[in-house]
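The structure appears right after this line, and notes come after that.
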Amino acid sequence: MKKQDLLNKKNNSFLKKKNTDKDKDEQSHFLIHKRKKNIKTLKSKNNEKFLKKNNIREEKNNIIKKNKNNKNHIKLNSLKQVFQKPIKIVNKDIFIGEFIKVSELANKMSIKSVELIKKMISFGIIATINQLLNQKTAQLIAEKMGHKVILYNKNDLEKSIICDRVIDNTLLKERPPVVTIMGHVDHGKTSLLDFIRSTRIAKKEAGGITQHIGAYQVKTKKGLITFLDTPGHAAFTSMRARGVKITDIIVLVVAVDDGVQPQTIEAIQHAKAANVPVLVAINKIDRIESDPEQIKHALMKHDIVPEEWGGDNIFIQVSAKTGKGIDDLLNLILLQAEMMELKAIDQGLARGVVIESYIDKGKGPIATILIQEGTLKKGDIILSGCSYGKVKAMTNEVGKNINKAIPSLPIVILGFSSLPEIGSVMYALNDEKKARELAIYRQEKNRENKLDKNRRLKLDNIFENMKEENILSLNIVLKSDVQGSLEAICEALLKLSNSEIKIKIIGSGVGAITETDATLALASNAIIIGFNVRAYTSSKQIIEKEKLDLRYYSVIYTLINDISNAMKGMLSPEYKQEILGLAEVRNVFKSPKFPAIAGCMVIEGVIKRNNPVRILRNNVVIYEGELESLRRYREDVIEVKNGMECGIGIKNYQDILIKDIIEVVEMKEIQRNI
Ligand SMILES: Nc1nc2c(ncn2[C@@H]2O[C@H](COP(=O)(O)OP(=O)(O)OP(=O)(O)O)[C@@H](O)[C@H]2O)c(=O)[nH]1
């Protein structure tokens, strides 16, 4: 809120300062438009598509040229539960598939397996706990025990969502593009979005105040554009992890005075992994006399090449402060969208994605939905993940009540019975009963899916996975301590690709493993490799929750060898280094016997004597060696557990500092799945 207020304030001052050679721009746009129209009518229908793309290209070049010319002018101007036995039997809606295990059925009825087996004996059915029951038998048992049974076959229920939908491709209509702005911290993403919002949204039209809903649509002379203003890189990727494609175009903001920075590279990696076109907005051109060409060269290293140099990326110079170049940016977005021929059916039951959701104390669950297909109407039955409901009210970004919403329109919905998850798909359905059944069914499925996570891609069984799932590529997210080793490892890994399996480095960089690295790996089903670097606690949580494969290495040869062996499906590595415990250095003492003793607190696991150790400074390995002494209150001990203090001496190492982390490792034999 605070930031929003500040930004609104900022915008007002932007507005005041807005300068312009608007008339000049309009004149040239009019001429370009007229020319485009004339060419179109002269050519035959067969050549129409080809011509259209050519014209768009020509128009783009004109805008870019004009944008460059504006530069001189710009120079002058310069974000104790007690558990009790249930007193009475609870009758439930029970979903039963084609087959069900006795234990599973008992679980669904919330009783112990033994109790169910006893009951079954009384019905004359003898079965063991792990025995599979067919649908009919299971139905009979459950109904006899007073439950309501809903039968389903495989994914019939889910399929029923699409049955009632319009699938006539001749009804496809052009839809506005959905754009996400990404870039490094402080490069001007929010300023750019706010400038566009404050100048393009007709606040007065609704008589309402612009609200933050996570997305908004702007009107330009040439068409509508939908901007998503929430997704950071992690949010963007987590939506993709759920299989939801939401953005058509990414605008990569690079500040001219700061150049290409780590998050700029992260954004490129995310865009590439999602296969979304990138349009580069070189921002803050009002600030200093910097050379945008330098940014082009720097981005080339990351495969972002300007069109004029034979690449696919449009570059545009803008200032979120003065507004310079922003009209051109909007026009280029629309031209890019035209080339992409973005279409959607705007009839029939709606489909959308949840962009934001929260609970309003008075109104209940509120969700911002981006409509992707069909038309959503007031009163429609809706389902998103495990929540369902009825559209009680719909509003747009300026709080205006609307009765229907078509593709690419972001709207705020009131009516969900519970909070829908961000990134989940929303469907409008024909009847409420079906929505409720599906919501319950999905809750059940969710439980099963948790177990499925254990099947994620693991290096130990990668070959098996490949055979099973026909995976032809091995995706890797690689982080290293220094650029040199990063390049060397990338090169060596890429060389391992063969005609059957391709190695793809989905993300790479110098530094510790971040949350974004983890979500990128999750979305791309990649394994994460840390070479002499470790994962932040927040990233570790994602890695553990999602059961991702994270490997630490300190020898390039071992790393390459492991991947190569895993690819051949020959031998999974027999031993894997496991981290036993972590101790944080809180003090450093000098003693006559050992040159430096680190006074530590064990912060994770257990510290054991006679094990190899590594010293980490800022999550980067700075030394590898052996733990020479381990003491608690002057006593030599074998191990010290989490939460306890101890003194640690490292063999032949004296440069230990406060806040360093001592990591104790152990070589563990890997359980092969073969
Ligand atoms: N001179 C100048 N300053 C700008 C421009 N765009 C943004 N700024 C300033 O740069 C700073 C950062 O801008 P933000 O819009 O907050 O950047 P951001 O990328 O959204 O930052 P995060 O939300 O922290 O990632 C603010 O002080 C803006 O006023 C510009 O075009 N010219």
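Including glycine, each Cβ sits where the backbone N, Cα and C put it.
In TrEMBL, annotation is done automatically, which means it is predicted and not curated.
Annotated features, as they stand in TrEMBL:
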- 183-190, 229-233, 283-286: GTP binding site (BINDING)
- 18-28: compositional bias 'Basic and acidic residues' (COMPBIAS)
- 174-343: domain 'Tr-type G' (DOMAIN)
- 1-28: region 'Disordered' (REGION)
- 177-325: region 'G-domain' (REGION)
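Listed binding-site residues: Asp186, Lys189, Ile285. Those with a CB atom under 6 Å from ligand 1: Asp186, Lys189. Every protein chain considered, the tally of other Cβ atoms within 10 Å of the Cβ of Asp186 (GTP binding site) stands at 13. Across all of the region 'G-domain' (177-325), the predicted model scores a mean pLDDT of 82.
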